[in-house]
Amino acid sequence: MPRFAANLSMMFNEHAFLDRFAAAAAAGFPAVEFLFPYDFPAETVAERAAAAGIEIALFNLPPGDWAKGERGLAALEGRSEEFRAGVATALRYAEALGVPRLHMMAGNADRRDAAAATRYRDALAHAADAAGAAGRDLVIEPINPRDMPGYFLNDFDYAAELIGELGRPNLKLQFDVYHRQVMRGDVLKGLEAMMPIIGHVQIASVPKRNEPGTGELDDFRIFGTLDALGYAGHVGCEYRPAGETVAGLGWLARAGRRD
């Protein structure tokens, strides 16, 4: 079965953020992911992860002003300098934390706007090149418009086209099963078709975004499909626990990764 990474932005919220690394390790996770580490010194985050003996699989580039609703800067007008500074910051953190891949959020913009599309493409090329020079992968994730209205990157085919057109070997797709099912369905066919460009996978049940195995999809069949397709990366558990985090981890035991 896949290597599961607990999403510390959504799971183990019974603990302060820096204590979630140890909580995830104690629950049997070999890795974690999270949205942003930037509220803490990189050295502090690295120490907590090392003390817990847990790997950090992924985090995001700085998103702009999250509290004001910004969800990335890449497609936004007049923000390229701030975006590039954020890339540099993220790569410094990635180096300190030993993180192999970063997720670049697109921002809220109309994909039909040619200028926004050009800005996004240029930003993506810059970030992929900078990440590649640092030995890191960069991933992009289509996000469904129900959960994030107005988000620029809301189409899997468009994301795949961009990855192909830019041709950077370290630029890959973050395939979120939840977003795929909400937007389009055909999760298994999508995984099969896009596996050559997938760099990270995330999972949550549909429609409530709770623990795997509690929604309309057979998440355990999805895990088996990932194995059959030879996927060797992490599966980020980006879900909202229906109750206390550890109490909802029966799915992890069933998946065979509970140590």
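Just so it is clear, glycine is given a Cβ too, placed from its N, Cα and C backbone atoms.
What TrEMBL says about this one:
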DOMAIN    21-254  domain 'Xylose isomerase-like TIM barrel'
ACT_SITE  Glu141  active site, proton donor/acceptor
ACT_SITE  Glu238  active site, proton donor/acceptor
Glu238 (active site, proton donor/acceptor) versus Glu141 (active site, proton donor/acceptor) - Cα distance in angstrom: 13
Fewest Cβ neighbours within 10 Å, where candidates are the active-site residues Glu141, Glu238: Glu141
